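Presented below is the structure to which this report refers.
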There are 2 protein chains.
Amino acid sequence: MAVGDVSMPQMHVVKGVKIGTAEAYVRYQNRRDLVIFEFSEGTQVAGVFTQNAFCAAPVHLSKAHLLAGNPRYLVINTGNANAGTGKIGMQNAEATCAKLAELANVKVTEILPFSTGVIGEQLPIERLVKGLQPALDNLNENAWLDAATGIMTTDTTPKGASEQFVLDGVTYTMTGISKGAGMIRPNMATMLSYVATDAPISRELVQLLLKETVNVSFNRITVDGDTSTNDSCIFAATGQAGGIEINSVNDARYSVVLGVLTRVMKRLAQLIVRDGEGATKFITVAVEGGANTQECCDIAYSIAHSPLVKTAIFASDPNWGRILAAIGYAGVPNLDVEKIQVWLDDVQICKDGGAAEDYTEEAGAHVMSQSEMTIRVDLGRGDAKDTVYTCDLSYDYVKINADYRS
Amino acid sequence: MAVGDVSMPQMHVVKGVKIGTAEAYVRYQNRRDLVIFEFSEGTQVAGVFTQNAFCAAPVHLSKAHLLAGNPRYLVINTGNANAGTGKIGMQNAEATCAKLAELANVKVTEILPFSTGVIGEQLPIERLVKGLQPALDNLNENAWLDAATGIMTTDTTPKGASEQFVLDGVTYTMTGISKGAGMIRPNMATMLSYVATDAPISRELVQLLLKETVNVSFNRITVDGDTSTNDSCIFAATGQAGGIEINSVNDARYSVVLGVLTRVMKRLAQLIVRDGEGATKFITVAVEGGANTQECCDIAYSIAHSPLVKTAIFASDPNWGRILAAIGYAGVPNLDVEKIQVWLDDVQICKDGGAAEDYTEEAGAHVMSQSEMTIRVDLGRGDAKDTVYTCDLSYDYVKINADYRS
């Protein structure tokens, strides 16, 4: 179902990161649904979380624990989001952390909990807690694929990215996984991502790197415009491959790490779009020539969210009036439509706000028939630009979301 | 296809309004596609138009002509939106007005042009202009149904509302028509509405009445969140039924007219939702207990736009986690989720931010299985409220929008 090559790459080991998985029967039988990450002492961890006001109990708890210090363990279950679950939900998230803290002999605040799955049902806390020891028992460095599989909900494929890079003669690894297929799954909730490196990076820069790279990756994708109650992304730097700590953005090594992390995060984010519910096409929406980045982003999202643009792409119909309309209602003030150019890949469809003279439906339809394409818009009023990734809207999107619980 | 009773009511004649229609072959054969409204001298006319930056040539011209004085004629074609058509599009809109001005012996600025249909193609101006005399030739008071039919694009049914009311012993009529089935149709563009009364109302109050009633009707509906390049709504008061002009909001008759116009406009707006692309259900989203109207409106639209909520309703699945998530990502600051209540009709599904204790899936599914339902949200932080109308998202929405041009 997923669009393009979504195969798992070789998942390089990250020194200082061990992963354990177990079958805890949270919702389904015969599948790994509990994942534990163990970080070596001194690992620097940063997290970003959903902006949804209805954020889930484990999100509240993870945020609080992150403020308290440096986490040593992540515990993730799939099958149940522990969202919309009130006080009992919070007690269950706390109980999970308490039990793992006891088993692993760390402080409860050194554990970050995550849940994904059905909203509005209570966690089967007894089964979940029973799975913790088995997961701890099989902690090992080579379980990134197991982890990627163990956090899936209705994803059709596990999602991973991994790179190695050299700084001052030392080889470092950056490896990560993600899950998600709609911004919210059929009452699943939704996007999780965990990325780790064994490079030595200061806590401040780990946070900065995460913020910078999330903004060009997970904050630039959309399947259906719905934002989950559970979205979380964690970046950890163990420092276990050695070398001197990177603690300044002026350190030349910072730029290298930023480049690697950007590629890894973009890949993990784009894999979610490629596995988008019912997706048959992967679409890059690139807006340039803006007065500022925000207006480029607003227009890119307006196009990427438009059900009419997305159904036209599903039908390989170069229906450019829908793209113009989506630009027009993005709410950008004082837009001079006569300066706007629009391309489908290299085919210019709109010139100075009207149809391009040499445009033909055949040329447009050819681009639209591909499984990957770029919609490029030039606003003609500045140097700012931004890019958003999305997929088309197909029968299967409705089918998946309408049929899920029936 | 349309949801509920959408039949045309008796369309009462409005004194001072005559309507002529013709077959101009703009896009299709054997259908009325050209409509002319003639208003008696002294008619007060107000208009509201799309906010889309890519608004169509006739929208620009109608706005300019409205500023210049009181229109005597409206000329409307379907089949072609004259949007995204650049300078030639504007010349064509001007040529249509010029020819009608010549034939009807009025000033060109006394004519408002409207177009709806395909975006990005030039009007077949010769055929259009040839239809003007035949339309003028059959001007008559009893052609409201013909007009409602003559402005349809892919609407499945003509849309009308009509009421009579008595002020100081004089019987007045309020009659109107609308068209539209998505905020943008498969490259059609989209919503038009024309309402007239023979009550005597000052120009200032005609404008105020239109503004007030559009805000609770056409500005409170959504099918797919896409805003058209051509949306226009016109309200005209001919004064031809006699009586003393209403020129103050303190005049008791003003409240009566406001009430009648509100009902007529809401009906015309809701008919568009009932005929929404692929719609199988009509949904009222009512948000109350807000700190202000804007946040109620934002949350209502967030729910009404959510593809996940709309597909769940299509599937009669009381998937309340999706409603909570949509409330949570509406961007309302400092929302206390523990104060939020949600009902499906009279069934409380969410109490104090979690599942209501006595809620059962059976009760929720029963409400969801109906063709009409209300999602009611209480934010528990004030007295403001607002209501939005929408429909579900079905396979047919994708089918209609993906298949239209193939």
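Each residue, glycine too, has its Cβ placed from N, Cα and C.
Taken straight from TrEMBL:
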type     : residues                                       : note
ACT_SITE : A:T190                                         : active site, nucleophile
BINDING  : A:T153, A:K179, A:T190, A:E277, A:N401, A:S406 : substrate binding site
*Around A:E277 (substrate binding site), how many other CB atoms lie within 10 A of its CB?*
28
*asked:* If you count, for each of the binding-site residues A:T153, A:N401, the other Cβ atoms lying within 10 Å of its Cβ, which residue has the minimum?
replied: A:T153
*Would you mind checking how many other C-beta atoms are within 10 angstroms of the C-beta on A:K179 (substrate binding site)?*
30
*For chain B, give the subset of the binding-site residues A:T153, A:K179, A:E277 whose C-beta is less than 8 angstroms from one of that chain's C-beta atoms, in sequence order, otherwise 'none'.*
none
*When DSSP states are folded down to helix, strand and coil, where does A:T153 (substrate binding site) land?*
coil
*Assigned element (helix, strand, coil) containing A:E277 (substrate binding site), judged by DSSP*: coil
*Local backbone state of A:K179 (substrate binding site), from DSSP in three classes*: strand
